[in-house]
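What follows is a set of notes on a single structure, which appears directly below.
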Number of protein chains: 2
Amino acid sequence: MASDRRTLLADAALDVLVDEGIRGLTHRAVDRKSAMPPGTTSAYFRTRAALLTGLVTRLVHLDQAELQTMAEELPPLRTVEELVDGMVLLTRQRLTGEGRRRSLARHACAVESVRDPELRAILVPRENAGREAVRMFLTTHGVTDVENRTHTLLTCIDGLVFDRLVNGGEVPREALDGLVAAALR
Amino acid sequence: MASDRRTLLADAALDVLVDEGIRGLTHRAVDRKSAMPPGTTSAYFRTRAALLTGLVTRLVHLDQAELQTMAEELPPLRTVEELVDGMVLLTRQRLTGEGRRRSLARHACAVESVRDPELRAILVPRENAGREAVRMFLTTHGVTDVENRTHTLLTCIDGLVFDRLVNGGEVPREALDGLVAAALR
């Protein structure tokens, strides 16, 4: 029960961050957003640092779950076209609905994490089903420097998504074709 | 004299943003950072929105000036190697010293701008000497979709820089080689 309450509050904290920005993220705002009695958020997350850590931990969990689901639902990535299909799907998810809100939260937290090593340790790119799928694909296609090529590919996609998050529009398939060509060259 | 004072305060606001985050950006913090009497920042920038606009306007001015200087100091970009040289230099400038601080501020402001169209209008990618140099290069090398290829290339570089800003390290030349290859393919 306590852990469900923590999750509910962390989700509300994510909503506050997205709707009001990092400045608006206070214990009282999370109480209000979650419709909990005043003081509830403070009882579960004593300090603002604890609240931010709870929020980022929840965000990473949701991101990981999304990538795991995608990996299970998509066919194995055999051709370049299948890889680009997966990347098109991922960028769309990250730019619409709940995914868009998480992308916003992720970037806001990444900016905060530059001054906060504890936050960074939770947020740093880690093993996930998407990364593993790209790594497998590049290995199968004979790329030698798989770690760096995978990291560059995913980091560039993050850059393209962030640009669209701010300026609108979709990530064009053509741009993703180019990144895959660069990874395979 | 008034405009010098505004610049000085906008620079102090940039410093506050980088050192203390968007939450720390208050008129009083800028007074303190600029060693001005309390109330000075409020006299020049009435509201917090005005302060943020002043900060972003200054940031864009400094970014533009940096790219202009680079364009004047670098030889014309004729070969792929010369273009990559320029990109290596740019990513280094954006990850060290004053450039690193501006990169941090730029990303924090971009995150804010998602909820703030006025801020976005000032911050949005605009004509600058760097963009123009890449566009010229791709045109000379026979690329047909120059606008989109230029935008993708520069957006991916932003992504690589932001990753290093958070996680440390340099942008490897090899990654920039790949982006140029993708732009020219």
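Glycine too: its Cβ is placed from the backbone N, Cα and C atoms.
Since we're looking at a predicted model, the values are computed, not measured.
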In TrEMBL, which of the ranges A:26-45, A:126-145 has the DNA-binding region annotation?
A:26-45
May I ask for the residues of the chain that lie six or more residues beyond the DNA-binding region (A:26-45) and have a Cβ under 8 Å from a Cβ within it?
2, 5-6, 8-9, 11-13, 15-16, 20, 51, 53-54
DSSP helix/strand/coil residue counts for the domain 'HTH tetR-type' (A:3-63):
50 helix, 0 strand, 11 coil
Restricting to the domain 'HTH tetR-type' (A:3-63), what is the model's mean pLDDT?
96
